[in-house]
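What follows is a single structure, written as structure tokens, with notes after it.
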Amino acid sequence: MNHKVGFVSLGCPKALVDSERIITQLKAQGYELVPTYQDAGVVVINTCGFIDSAVQESLDTIKEAMAENGRVIVTGCLGAKADVIKNACPDVLHISGAHAYEEVVNAVHQYLPPPADPFTQLIPPQGIKLTPRHYAYLKISEGCNQKCTFCIIPTMRGKLQSYPMAQILTEAKKLKQAGVKELLVISQDTSAYGVDTRYQQVEWQGKTVNTRFYDLCEQLGELGIWVRLHYVYPYPHVDDIVPLMRDGLILPYLDIPLQHANSRILKAMKRPASSENTLLRIASWREICPDITLRSTFIVGFPGETEEEFSELLAFLKEAQLDRVGCFKYSPVEGAKANDLDNPVSEDIKEERYHRFMQVQAEISRNKLKNKIGSTQTVLIDEINDDQIIARSKSDAPEIDGLVYLPKTSGITVGSFAEVVITDSDDYDLYASLV
């Protein structure tokens, strides 16, 4: 019998971690993963359903797999809208929602029974990873308790469920032992970690620690590898993490989605609504840890956003001088409460505001990177090509931030650290030579 499974993982890093866990279980049970639809006995698709374009990509992928294979199991965020999938592809074998690991594996068993003898010994202790060997995503919780009006994640993934502290730290330790040099800490709401457990005390390596964000960062920092924080909601206790960055325990990098600067828009989004307080906190973080890199994301064209309110966002951007910024045009996600707000912004105006926003941030980024010329930086080597080496500094997360380009040199390996001198820059990337 064919025990080969095709697997497609769509969406964000959090979905990628879900895929890794499903694949680890399947491999442990003797299944073989194959890269083509034609060779697979069944195809599993982990979908994204956050915005309309992601829904369409997921549906297109399902249709493609159905056309080329015909035996498809669907899971992930879009699985929460089974009727949407069934309407587009009525013959899929099984549909489940996000982080339904056991349900997916059981569905594979149903339509493609496992081999008689599992091959658990072939699975590395850290499990199967879909990232390069030198970095890995570490998911610390599921779900979210926030009620942001532009978002439907709580509907798809439920309320906050923090993973046990010992489980997270054990996984992190195994990843380090497997050669991982950088952990990217992720969840839907990273800084809420432990709230749902009431900060339960647990034993870890002979000492008592609390199930809370600060303690988790502190313990991860003791591993002695890069630890990078993503999706950090701006709760007041986030301020307590910055000294850990200053002291070198975790990377001086904070990914903190702010979404807007105008108080009326923020209230309509159900987000923290004081840009003045945010600017004061940013100044405080930089005073405590001058090397901190601040990344954020914003939404333009939110329903009712006026030109004056958008101009306030641009003014905030110029004053905050954030290092890394992403921008999204508001997308009316089905089921989001923001869709019911008055005065939707036209697509033309959204597009125009998006480009104005990115022009302002490009200039900020260009000037910040120019100031790094002549400095010495520690970089992590990501790729070695025929004519150049591609690396990242402490300021650069994979996939979403800039890169550091080096001339091809012998003796350098992927996944190693190197000391470099910055020699040039552009809007988003740096160029360097080895020390």
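Think of each number as a place in line: the chain as shown, counted from 1.
Each Cβ is built from the backbone N, Cα and C atoms, and glycine gets one as well.
The candidate list Cys12, Cys89 contains one residue that Swiss-Prot assigns to the [4Fe-4S] cluster 1 site with Cys48, Cys77, namely Cys12. According to DSSP, the secondary structure content of the domain 'TRAM' (370-435) in residues is 1 helix, 33 strand, 32 coil. When the domain 'MTTase N-terminal' (3-113) is classified with DSSP, helix, strand and coil residues number 56 helix, 22 strand, 33 coil. For Cys148 ([4Fe-4S] cluster 2 binding site), other Cβ atoms within 10 Å of its Cβ number 19. The candidate set comprises the binding-site residues Cys12, Cys48, Cys77, Cys144, Cys151. Of these, Cys77 has the most other Cβ atoms within 10 Å.
Between the CA atoms of Cys148 ([4Fe-4S] cluster 2 binding site) and Cys77 ([4Fe-4S] cluster 1 binding site) there is a gap of 17 Å, rounded to the nearest whole number.
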